[in-house]
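Over in TrEMBL, the protein carries these features:
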DOMAIN    345-492  domain 'U3 small nucleolar RNA-associated protein 15 C-terminal'
REGION    503-528  region 'Disordered'
REPEAT    118-159  repeat 'WD'
REPEAT    244-285  repeat 'WD'
């Protein structure tokens, strides 16, 4: 007896996003590792030095995580209120953070107690950063002021009060220690020079500014606020270059890849958009479970860390190549030569019997029912799998197999109101799909033949039959309209083709007419 062959499920082409090198690159990250923090994650910053630990600011704490650790390797809790903007210095030895109590604290990464405390702001400090010379810091506060401080003396060097609303973002130049940029809820971006008493450049974002970012060359500035991400040319006096509106809610943070060719933006709409910095088109998209407040990309692009409003920290690591699986210094032991040549020259004899190991096949539930000839239960199981996994191709394949066996009508018959309603619901959802129509139309006709005698006894079934009828009629109307359009297009294409003269054999004229043509007079017969 022949062995049972499982039902072949056809694989249909997926109509989705086009596979590009960017798609392959950004999908090469592992499933995210999630860590629960004590509050909303407002800031993430990577250390510029290997192994690239990162500081996570959430609630009244700052946790420092290793690149692959799920527990913090260091914790700073010396805050009386909510902490903001934990930032590493370029040497990775110092950490700077603001606080809602208006005090700015400077920590040694290897210690616990604050090395310096900068007091002077009157409201919460949301912006902190180190200047390029590593001896000064920038702070921005809700008291509308931004200030420069001297680290060794803990003294204030300069204060600017040109913004008219909260200052919630800012960055310093990595090429010039005197240049820094701030963004405010008054919709403006301002470029300051510490050698001048006022701002040297002002740009209007037209929305409350949530994040700013400088390109490595520092000729371009990116700002995020509202639903917009805007790019400004600083070398042309702050001229706007591009305005991007790809998010549905407020954009909260920005990040740049290590080579500067990809720009990342995160938003309260739970999406991270990745742009090509050449044409600023979206090349990839990440989805998350909650609104995003902070985003950071590791300096070597090996990790993407996202902080959300629900206090969850999501870390995605890049998959390592297969060649790096082996541990350095521990070479894999290879088989000896005799293992490869063992049995190579063996020739089977006439009296030898081949004993093959039976291959165990794991059948699906519907295949097990088909093997037992339980056709109704097989169809029920296929419908259950459609409800759980939303894969209609499985149910259609089972129906096609039952139809091939000639038992589809028996499987559809004898159903109560609930089972019939479930079956009609499946037909309504998939009968107009061109991939499934040939099979489902046959099943629909069988159902109408079987249950036409009980029409009117169940209001639920009657409503579904009416919906099915309307759906089929609408699809027929669409097909007729498409055929009419196709006929029109054929006529237009035929009229647009160049006309060619077809010579007729036996005639000197190309159209086969006589020399006189249609308009030539007919010669009169003369009387004899």
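The backbone N, Cα and C atoms fix where each Cβ goes, and this holds for glycine too.
When Cβ-Cβ distances below 8 Å are used as the criterion, the repeat 'WD' (118-159) is approached by residues 81-82, 84-87, 89-91, 94, 96-106, 165-178, 180, 182, 184, 192, 194 of the same chain, each at least six residues removed from its ends. Per-residue pLDDT, averaged over the domain 'U3 small nucleolar RNA-associated protein 15 C-terminal' (345-492), rounds to 87. Residues 20, 22-23, 25-27, 210-213, 215-217, 222, 224-231, 291-297, 299-301, 304, 306, 309 of the same chain lie 6 or more positions beyond the ends of the repeat 'WD' (244-285) yet place their CB under 8 Å from a CB of it.
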